[in-house]
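Enquirer: Here's the feature list from TrEMBL:
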| type | residues | note |
| --- | --- | --- |
| ACT_SITE | B:Asp32 | active site, nucleophile |
| ACT_SITE | B:Asp34 | active site, proton donor |
| BINDING | B:Asp32, B:Asp34, B:Asp251 | Mg(2+) binding site |
| BINDING | B:His195, B:Lys226 | substrate binding site |
Amino acid sequence: MAASKCTRLSSALSRQLLDSVDSVLFDCDGVIWRGDQAVPGAPEVINSLKKNGKRVFFVTNNSTKTRKMYADKLAKLGFNATADEVFGTAYCSAMYLKNVCKLDGKVYLIGSNAMRQELEEVGIQPVGVGPDPISGVQIDWANVPLDKEVQAVLVGFDEHFSYMKLNRALQYLCNLDCQFVGTNTDTRLPLEGGKAVPGTGCLLRAVETAAQRQAQVVGKPSNFMFECVASQFDLDPQRCLMVGDRLDTDIMLGSNCGLKTLLTLTGVSTVAEAEANQKSECPHRQKMVPDYYVDSIADILPALQA
Amino acid sequence: MAGTVSSSRGCVTLRGAQIRDLLDAKHNVLFDCDGVIWNGETAVTGAPEVVSLLKQRGKRVFFVTNNCTRPRENYVQKFCRLGFTDVAEEEIFSSAYCSAAYLRDVARLQGKVYVIGCGGVMKELQDAGVPVVEEDSAADREPGTSIYNCPLDPDVKAVLVGYDENFTFMKLAKACCYLRNSECLFLATDPDPWHPLRGGRITPGSGSLTAALETASSRKATVIGKPSRFMYECIASQFDLDPARSLMIGDRLETDILFGSNCGLSTVLTLTGVSTLEEAHRYRDSEAPEQKDCVPDYVVESVADFLQALEE
């Protein structure tokens, strides 16, 4: 392994890198697809990796789909993948609540139907999903009836986010025994056609500010996402490669978990940003420097097909 | 460290003659409202008399509140209702009124403002003659209109966020779109993360909605309300104020007392609201210099403590 970092991945280095790992973890948005279009060459890369005997996983902060929905999207775009290889935050949050929080009760959910489904799948009952308009006056809101069985508040992407939902979450979180979990802190949610809307990070900040509490965050760069994969598939971090487009989530996760890291330039972060991090004295920024970078993951295809 | 003289001044409990001396030295008294002169719909016992007596003694009295839910004319009605007999509209400075004043007089806005806010904010903007984008719910319900695709008004030159019980994801997305233009101003009425209601209950405040929008836009809002200086400057632009002869009385260390410090006023913490004496002591004993600004000069149990000195 090269001691220097932030190196462009040449063909020769590609072969060396691929030989040194057994598993490759891919972020999705900006890496293997953009919106509902596959990054050209991406399906071939994933399918070739598998033919070469590598294991492939998909690790995404996007909480709007279940593993099954992701598997359907992957199949539709030509990727040879199964639901159990997908680790989205809807699924991982359910696992986190069950195995780490050891939740024995209901959860007040600000999130999607996908999150509701993943929670129900692990036996946790969510309350609160869907539109929740305001009615009554201020003192009514402070006195909304609370479900006594709720033991946690979980915040994910929710297009029905409203003052009333923020209020209910606050009322539950006034009880310090109530756990507080967020799917991720991404500030923007990428959409089809290159558009974006405010992300879960904005909703989470609203709840954290009102409640004056910090959420436990499940998504990248938190280690939990890797631990979730590693515990199910017995991974050796030193034989894993993390491929992503964001320095502050994907590459940070890779650094924190001792994985090799590859930045692809088809998404958010740039080489200039990576190099600036590399030059900085700050240890936090040093974790956001990839080992290698490529213009697109399609660049490693020649090494795979050789 | 042993032997070090503690720089922890402040938090002096005001009694008897000290109150009289303090009031003699001050010409202007600025009161926060919630938790100071009233709690919900109940006046703090003695507060109406204190305000009356201060005025009889020739002091000027102002009310400086971050609560943006009412326009000033509604505040006048509330003052009346709760037994404060001689409070004039010009003495009331709410964050809604001051936000409108900022847009009209400081920013000199040439265009419209997109507002995430309640009726109180809308009314103050209307009264100040600041054009507001109409929240067109009918257009929002057209098929095809969603958070992913909503029409924007090209005349918007500012976004103002405040307490809004009708806050939705759609409003957040729209405001974020407007803020992509770096020339578009970004204002927040106040930073309060939650508002206290009667019975110790709380409800989310403007600060929580502002946090969502700041995160979405990667921009920081210019905050009008306490502890920012603007509300003081708004009063000073209309009345002649000498900070050395002005006193700020509040119940929230991080807003009222910090505001007073920021403006060079003497500060009094009253214990009928949000902050406790223990919290004030923690700020006083802290090592961090910025925390010292949250330390009140004086502490009273309630504004009624001023009565004895005033009645003499």
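Glycine is no exception: its Cβ is also placed from the backbone N, Cα and C atoms.
For the listed features, I'd like the structural context: burial, neighbours, distances.
Expert: A simple way to gauge crowding: the CB of B:Asp32 (active site, nucleophile) has 26 other CB atoms within 10 angstroms, across all the protein chains here.
Secondary structure from DSSP puts B:Asp34 (active site, proton donor) in a beta strand. The local packing around B:Asp34 (active site, proton donor), expressed as other Cβ atoms within 10 Å of its Cβ over all shown chains, amounts to 21.
Long-range C-beta contacts of B:His195 (substrate binding site), restricted to its own chain and to partners at least six residues apart, with a cutoff below 8 Å, comprise B:Asp34, B:Asn67, B:Tyr163, B:Ile202, B:Thr203, B:Pro204, B:Gly205.
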Enquirer: Other residues with Cβ within 8 Å of the Cβ centroid of B:Asp32, B:Asp34, B:Asp251 at the Mg(2+) site?
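Expert: Everything else in range on the chain: B:Cys33, B:Gly35, B:Val36, B:Ile37, B:Thr65, B:Gly250, B:Arg252, B:Asp256, B:Thr270, B:Gly273, B:Val274.
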Enquirer: Taking the Cβ of B:Asp251 (Mg(2+) binding site) as reference, which residues of that chain separated by at least 6 in sequence fall under 8 Å from it?
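Expert: Expected: B:Asp32, B:Asp34, B:Gly35, B:Val36, B:Leu269, B:Thr270, B:Leu271, B:Thr272, B:Gly273, B:Val274, B:Ser275.
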Enquirer: When you measure from the Cβ of B:Lys226 (substrate binding site), which residues in the chain that are at least 6 apart have a Cβ under 8 Å away?
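Expert: B:Asp32, B:Val64, B:Asn66, B:Ser95, B:Asp190, B:Gly250, B:Thr255, B:Asp256, B:Leu258, B:Phe259 - these are the non-local Cβ neighbours of B:Lys226 (substrate binding site), listed in sequence order.
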